[in-house]
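According to TrEMBL, the protein carries these features:
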SITE      R18  site 'Transition state stabilizer'
SITE      K25  site 'Transition state stabilizer'
SITE      R157  site 'Positions MEP for the nucleophilic attack'
SITE      K213  site 'Positions MEP for the nucleophilic attack'
Amino acid sequence: MSRGRIWAVLPAAGVGRRMGGPVPKQYLSLAGRPVIARTLDRLLAVPGVAGAVVALSPEDDHWDAVGYRHDKPVQRVPGGAERCDSVLSALRWLCEQGAGREYALVHDAVRPCVTLEEVQRLIATAADDQGGLLGFPVRDTLKRDDGAGHVAGTTDRDGLWHALTPQLFPVAALAQALERAVEAGLTVTDDASAMEAAGVRPRLVTGEATNIKITRPTDLALAEAILQAQQH
Ligand SMILES: Nc1ccn([C@@H]2O[C@H](COP(=O)(O)OP(=O)(O)OP(=O)(O)O)[C@@H](O)[C@H]2O)c(=O)n1
Ligand SMILES: C[C@](O)(CO)[C@H](O)COP(=O)(O)O
């Protein structure tokens, strides 16, 4: 059971190198609406979510044109050089507002197909000090390469999960864990890995494989098909 308010935290300061093109992928049109607007719609529709903090590049000149409006508050903060810096910026802002003991539901701005059901499952299971993340078990056979285009071995997939977002943690605890991970020079590609480095064992909560991250050009058409399928 949640002991405090929950704030959606959206890192949205990336440049989308793998997507390419002049417009960062969070601002590309997905079925007639910017990706980031669709993602915000989904998270702010969750009854327990009080509002959102979006971390944008200091050079961002697209957000204002989106003109995003919602009954719940949406705060813009400056993002940083890496995803973890952008998340930290949003968490620091929340701490300044006195929300350090509340919860951050950190979600990539470029995962617009996340469902209400999976977010509610995460909140119902993981709103405590341990926190948790959505994920799903690896389904395919895994190969390790030898660096020269041949198979060096087959890796046991038993117990391996794909990490998704959202990831849910207490605001101040996650901020401290990320700060320490950055200071220690650790590579933290998600929020849970900073908490793991701090000795926490976040819960793995089953999410949907359709909660894709728009990363490469073909993902846009895939996301559009997923959104269409979700309407039926
Ligand atoms: N300095 C950064 C880098 C990434 N992100 C955000 O983190 C999320 C997931 O990152 P990713 O898919 O890697 O986005 P990009 O960094 O934009 O993509 P790429 O790695 O291809 O450049 C995205 O919402 C992205 O905007 C961020 O807020 N700040
Ligand atoms: C946070 C994340 O979405 C979890 O899958 C992911 O780590 C983002 O970064 P990536 O470099 O695209 O894996």
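The backbone N, Cα and C atoms fix where each Cβ goes, and this holds for glycine too.
Everything TrEMBL records as a feature, shown here on the structure.
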residue : record                                           : DSSP class
R18     : site 'Transition state stabilizer'               : coil
K25     : site 'Transition state stabilizer'               : helix
R157    : site 'Positions MEP for the nucleophilic attack' : coil
K213    : site 'Positions MEP for the nucleophilic attack' : coil
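The Cβ of K213 (site 'Positions MEP for the nucleophilic attack') has 16 other Cβ atoms within 10 Å, all protein chains considered. With a cut-off of under 6 Å between the Cβ and any atom of ligand 2, the recorded sites R18, K25, R157, K213 reduce to K213. Between K25 (site 'Transition state stabilizer') and R157 (site 'Positions MEP for the nucleophilic attack'), the C-alpha separation comes to 31 Å. If you count neighbouring Cβ atoms within 10 Å for each of the recorded sites R18, K25, R157, the highest count belongs to K25. Residue pair R18 (site 'Transition state stabilizer') / K213 (site 'Positions MEP for the nucleophilic attack') shows a Cα separation of 12 Å.
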